[in-house]
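The following features are taken from TrEMBL:
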type	residues	note
BINDING	186, 188, 256, 486	Zn(2+) 1 binding site
BINDING	256, 296, 452, 484	Zn(2+) 2 binding site
DISULFID	73-137	disulfide bond
DISULFID	100-111	disulfide bond
DISULFID	201-206	disulfide bond
DISULFID	207-228	disulfide bond
DISULFID	412-458	disulfide bond
DISULFID	612-616	disulfide bond
DOMAIN	66-147	domain 'Saposin B-type'
SIGNAL	1-23	signal peptide
């Protein structure tokens, strides 16, 4: 194999990594025949990520590793770096263009667009990354089990304060106030959607033009299950339905607004999507506060969020737009500086209420003892009892506050190539998280965390540090809410020492987009409300979907309450122990109706449990137990075939 072709392969792996399938789903090593099979089967990466069949294939082959891709990376990275060192990157340009023009299994426009978008960034990453060739491949393609190499391992620092005794959340008393929260995620509006157009095209995103092939139906008016995003009018109809029907107190909004045409998006395109969609939200929900998180698709190019040490790329154009939009959607103005710094922030949703009782006899002119000394007679109290004994004044928290922390999870994603230059706690975000969680613990606040990528999508060091943080502050963190997968999922967090004791859990909300093979939907959480002793934990949630088949058939939007979690899964509450109970019941009867129901709701009722066999079900359950990337023992307790 010639050097140019080897260079091309690596460039294709890296620059079209968003579009090409993960090689771990292919059981055989690379050879000339396998290359054709691989690309033919792979098609484009995001289709695989959203496809039920591919997810089932990956779960079925979950014991296979990425040996082929890693060996290719180990072989080609040194040669790429030599070309860069001798300033012959023009060879890469020439070969990449030839490849896109002559390799007919990839759409030429998509291939050229992806190379144009990502080529220079990949070359710069290879040029300036301090990682060795083996380290770079290991980090990019998970070629070794964690912790990979010491150079990419790091740890956050915890305050020198002991962890309080765990206090699991308790059910509220009957009639206690509740809060209702709407969760919107992965909107992905395609402003170029054309009803009747080709819905099964050769590009990663369809329903944008062209005539359907003979015997094929065109794109539906309200949307399409195939490789298409949602049209503007459908998104608007769903949001208006939610605004009119749902009585919510505020909204969690976890990112990904632009469509999936990642090979030809500009900054202007992304800003148009962000401004237009957020303007619609302010109109549809005029008096509601949105607590927002940034997705991977807001950037241009997609996924690429440069860290401060990258001088050739700048993300301030996006963060300025996000700050303006998020504050217009209800965030307080004092979040602006943090958003401009890294698109993460914290704010109080519900301030706490503290009672201070003073002994005013220590200021009375009728208290003759003050003639001896009237200068602040007593100091600050240690706690209520000691304070009362000390001077009959005290303070106590009547109602805890609820703090929101929004994270930019793009600084943990392996799809952000800039992290191959430096992945050590980019922007100090995790250390910042520790500091605020400690502040919340000290001030008896509860915290909800929102973000786009769930923690399992993070590079290992970030994910394992995050897991430690959740363990340390289990009494403070009352909920985690993410998006990204488009599917209906949850994640379990367990005690690091006692792996059977659940300490936290996270929800991945359903997407508004249909991409791919999904009904559009949203979720409403019922929370323990604003009162003395509130846990602020989720008590129940209800998922609403638009039946896309029926909506297109009858030419009107048709909505249904898909399920309520407590009723569907026969749960007493939705605390970590209750979700662990669901997991244990599913483990004990993995081929039974409960796992079938979990799979159905996972697909937003596009499919049912009969379409998910034993390996598929085991893989799905394993994904719910893998809250940190590359945890080799997360799924040991799930039985295999008996």
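All residue numbers here begin at 1 and follow the chain in the order shown.
For all residues, glycine too, the Cβ spot is worked out from N, Cα and C.
TrEMBL annotations: computationally assigned, not manually curated.
Shown on the structure are the features that TrEMBL records.
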| residue | record | Cβ neighbours (10 Å) |
| --- | --- | --- |
| 73 | disulfide bond | 23 |
| 100 | disulfide bond | 22 |
| 111 | disulfide bond | 22 |
| 137 | disulfide bond | 25 |
| 206 | disulfide bond | 24 |
| 256 | Zn(2+) 1 binding site | 25 |
| 296 | Zn(2+) 2 binding site | 22 |
| 412 | disulfide bond | 27 |
| 486 | Zn(2+) 1 binding site | 27 |
| 616 | disulfide bond | 21 |
Densest Cβ environment (other Cβ within 10 Å) across the disulfide-bonded residues 201, 228, 458 belongs to 228
Fewest C-beta neighbours within 10 angstroms among the disulfide-bonded residues 207, 612 belongs to 612
Taking the centre of the Cβ atoms of 186, 188, 256, 486 as the Zn(2+) 1 site, the remaining residues of that chain with Cβ inside 8 Å are 185, 187, 295, 297, 483, 484, 511, 512, 513, 515
Rounded to a whole number of Å, the separation of the Cα atoms of residue 201 (disulfide bond) and residue 188 (Zn(2+) 1 binding site) comes to 19
Checked against DSSP, the composition of the domain 'Saposin B-type' (66-147) is 63 helix, 0 strand, 19 coil
Using a 10 Å radius on the Cβ of residue 188 (Zn(2+) 1 binding site), the other Cβ atoms enclosed count 26
Close in space but at least six residues away in sequence, with Cβ under 8 Å from that of residue 452 (Zn(2+) 2 binding site), the same-chain residues are 185, 254, 255, 256, 293, 294, 295, 296, 409, 410, 482, 483, 484
One finds that other Cβ atoms within 10 Å of the Cβ of residue 186 (Zn(2+) 1 binding site) number exactly 27
If you count the other CB atoms within 10 A of the CB of residue 484 (Zn(2+) 2 binding site), including all protein chains displayed, you should get 25
Expressed in Å to no decimal places, the gap between the Cα atoms of residue 137 (disulfide bond) and residue 486 (Zn(2+) 1 binding site) is 28
By Cα geometry, the one of the binding-site residues (186, 188, 486) nearest residue 111 (disulfide bond) is 188
Among 206, 228, 616, i.e. the disulfide-bonded residues, the one with its Cα nearest that of residue 186 (Zn(2+) 1 binding site) is 228
Rounded Cα distance in angstrom between residue 206 (disulfide bond) and residue 188 (Zn(2+) 1 binding site) is 13
Closest by Cα to residue 228 (disulfide bond), out of the recorded positions 188, 412, 612, 616, is 188
